[in-house]
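Please read the structure below before turning to the comments.
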Amino acid sequence: MEVQLGLGRVYPRPPSKTYRGAFQNLFQSVREVIQNPGPRHPEAASAAPPGASLQQQQQQQQETSPRQQQQQQQGEDGSPQAHRRGPTGYLVLDEEQQPSQPQSAPECHPERGCVPEPGAAVAAGKGLPQQLPAPPDEDDSAAPSTLSLLGPTFPGLSSCSTDLKDILSEASTMQLLQQQQQEAVSEGSSSGRAREASGAPTSSKDNYLGGTSTISDSAKELCKAVSVSMGLGVEALEHLSPGEQLRGDCMYAPVLGVPPAVRPTPCAPLAECKGSLLDDSAGKSTEDTAEYSPFKGGYTKGLEGESLGCSGSAAAGSSGTLELPSTLSLYKSGALDEAAAYQSRDYYNFPLALAGPPPPPPPPHPHARIKLENPLDYGSAWAAAAAQCRYGDLASLHGAGAAGPGSGSPSAAASSSWHTLFTAEEGQLYGPCGGGGGGGGGGGGGAGEAGAVAPYGYTRPPQGLAGQEGDFTAPDVWYPGGMVSRVPYPSPTCVKSEMGPWMDSYSGPYGDMRLETARDHVLPIDYYFPPQKTCLICGDEASGCHYGALTCGSCKVFFKRAAEGKQKYLCASRNDCTIDKFRRKNCPSCRLRKCYEAGMTLGARKLKKLGNLKLQEEGEASSTTSPTEETAQKLTVSHIEGYECQPIFLNVLEAIEPGVVCAGHDNNQPDSFAALLSSLNELGERQLVHVVKWAKALPGFRNLHVDDQMAVIQYSWMGLMVFAMGWRSFTNVNSRMLYFAPDLVFNEYRMHKSRMYSQCVRMRHLSQEFGWLQITPQEFLCMKALLLFSIIPVDGLKNQKFFDELRMNYIKELDRIIACKRKNPTSCSRRFYQLTKLLDSVQPIARELHQFTFDLLIKSHMVSVDFPEMMAEIISVQVPKILSGKVKPIYFHTQ
């Protein structure tokens with residue numbers, strides 16, 4: 001789509017007419033004067049005025065036909081052309097005399113079936129005859145664009161400088177430009193004949209600039225004035241010499257229409273590229289180009305407007321004249337490659353006055369025309385990354401598709417760096433894209449059948465991901481999301497071709513490869529990333545498995561001394577010190593606790609020795625021992641293992657037990673229902689965080705499925721908090737009050753004030769049971785761990801079998817703790833019965849509290865009780881499952 005810059009906004013190109021401003025001719029003429037100072041003769045042939053319509057050009061050609069022939073004859077004879085007086089709407093400048101060649105009648109293309117007039121060419125992508133620029137006479141309204149400082153849309157600027165300022169100012173309107181254009185068409189022929197009859201040889205340039213001696217200086221001053229009025233910088237025009245070459249990205253840069261003597265060198269291959277594009281496009285039929293006309297037409301037509309006669313194109317090469325572009329040079333084509341362009345300067349952010357009213361909305365098939373501010377220097381990383389872009393295509397960035405959507409020959413593809421960001425799927429948004437032989441958007445002409453072979457060794461197949469080896473960039477640049485960045489193949493720059501069969505079932509051009517959906521097809525993560533051997537305590541490099549955990553030598557020695565010694569370590573902080581390689585010696589208490597959490601035990605080495613001894617003895621005495629002796633030996637070993645494992649398990653439970661958590665309640669404020677319940681909710685939020693950490697540190701808990709871990713914690717958190725609060729009340733206040741936290745203790749008054757007196761009474765009774773049964777700390781720790789595995793969904797967990805085994809192991813540990821201090825089996829059974837009954841009594845209390853908290857959450861906005869986010873989520877999602885019977889506790893005894 002060709003976008004024209006308007007005053008303060010951007011207008012799209014109308015479907016039938018292109019509005020072009022006069023600043024192109026202004027800047028072009030000023031540029032030529034700056035680069036070629038001194039008196040020159042006007043050029044013999046030039047382009048028709050860009051603002052004139054097709055009918056006006058035909059009428060002007062018919063009126064001036066005799067004089068054009070006379071001019072051509074004079075050019076053939078070699079007679080010098082004198083200065084002619086141009087129309088009042090032009091400011092004629094002296095230029096270098098160019099020999100004019102006779103214009104040959106163009107031959108009509110046999111496939112087009114049209115008979116164009118002399119000077120007419122077929123517009124690319126449309127098949128419509130377009131008037132070629134004809135050499136005008138001195139009295140023609142369409143003065144040569146190379147001799148004019150302003151186009152025909154400004155007919156009165158040569159006689160009055162005030163009009164120039166008015167039109168160039170932002171206050172000028174499009175209506176004034178249209179009126180002046182109509183006046184120029186009507187008055188051009190009569191004024192030209194009058195000047196020819198009078199024989200006045202003087203040019204309006206002399207009247208305006210004051211003589212030929214000051215042409216260069218006046219042009220520079222005028223150019224500076226125009227730049228200042230339009231908000232442009234004028235530093236680019238300072239210290240310009242005749243042979244100085246301007247930069248290609250500047251608006252005053254010389255283009256292909258400039259004579260070869262002053263044309264910059266980088267533009268020579270560009271002219272050949274554009275000329276080859278015109279040669280290929282001129283030979284194609286209308287039917288071939290109709291498919292991708294919205295893309296090809298905008299690009300090729302713009303090249304025809306520039307009249308690239310220097311490369312021998314079919315459209316403009318027959319005349320043999322150098323003609324200036326009629327489009328704005330600010331719209332840089334995709335083939336430009338300027339290495340010396342300023343990357344930080346922007347010459348495009350300024351308003352341009354357009355000759356015409358604001359055009360209508362864009363047509364359904366706009367011409368694709370991309371304005372690029374920087375050179376097209378995209379490396380291989382961009383070409384590779386474009387594979388993921390919804391508009392990108394690797395085949396269209398390089399290789400056969402590099403010549404542009406309208407290119408149909410390999411030569412054009414090789415000489416151009418055109419690329420497109422439009423794919424065939426976006427036809428409804430950006431115009432119909434080429435398909436088949438013509439092929440737009442990455443399927444260019446000659447390589448459309450066999451597929452474009454890019455320098456990267458990759459061609460995009462019709463379906464899925466092709467496994468073609470070649471010079472790819474780094475795989476982590478273009479791999480789809482969810483795929484690991486390292487590949488286990490010999491060459492890191494190739495794609496595994498075996499991926500194709502199982503990737504066809506996924507959606508998307510490359511397959512929706514995610515670890516969740518393709519877990520069965522992707523190797524384990526340890527295959528790509530070898531496990532790091534680091535110490536589980538401090539993170540230093542581990543030296544081996546010591547005392548049941550992978551640790552370094554320093555932590556190994558520390559644990560041996562700390563566990564065997566009788567010294568008690570206390571943390572000066574809150575039992576949450578950071579233990580790493582540099583700070584592991586700061587807090588021995590937290591370091592020892594972390595050792596227990598990692599599973600380090602002094603009995604691990606003894607158990608290993610006992611196990612090896614057991615296997616050795618069984619192997620030696622397998623043939624000599626009797627069944628009775630063998631059974632007794634197994635019982636002895638199991639009895640030793642039981643006594644050895646008992647302190648290990650208790651040491652772990654003691655090390656991971658959470659500390660005291662405060663509720664943050666303000667006891668200076670009067671007690672109220674909202675304040676007490678809000679403090680309880682805040683305390684529950686803080687304790688829930690500690691419960692999660694404690695549960696993850698329990699032996700065997702991490703072996704559960706992740707979903708089972710979350711479910712077990714979310715269902716049992718209320719019972720765990722009630723059981724722990726009862727123990728704190730028993731140890732701190734002898735079960736006379738409810739010791740929720742050091743700053744939140746409930747007495748009788750607060751129990752009534754909180755409107756949960758019945759629940760508080762039952763919790764106080766539970767706390768008193770600890771005293772009546774004389775529960776030991778070891779029994780409490782084991783019972784609390786067993787309480788975590790005492791409530792599950794009715795439908796079961798995802799790994800119910802492992803959950804049952806883990807629960808049974810904790811029951812056995814509780815039985816071992818009971819049997820540790822009691823030698824009488826009868827007393828052990830009685831004690832086990834008492835402790836399990838106490839565990840069963842926790843479940844009804846937890847259910848009542850679930851119902852209370854759920855009702856409170858529903859009407860919390862009415863009673864002004866605050867619920868933390870995590871508490872509100874668990875109560876609203878998980879508690880209804882318990883209340884509805886979908887989740888039930890596991891009882892030891894029949895209720």
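Using the three backbone atoms N, Cα and C, a Cβ is placed for every residue, glycine included.
Fair warning: this is a prediction, and the values are worked out from it, not measured in the lab.
Checking Swiss-Prot for zinc finger across the ranges 367-387, 535-555, 724-744 points to 535-555.
Swiss-Prot lists zinc finger for one of the ranges 121-145, 446-470, 571-595, 596-620, namely 571-595. In the predicted model, residues of the region 'Interaction with HIPK3' (547-637) average a pLDDT of 72. In this view, Glu873 (site 'Interaction with coactivator FXXLF and FXXFY motifs') is surrounded by 12 other Cβ atoms within 10 Å of its Cβ, with every protein chain counted. Secondary structure of the zinc finger (535-555) per DSSP (helix as H, G, I; strand as E, B; remaining residues coil): 3 helix, 7 strand, 11 coil.
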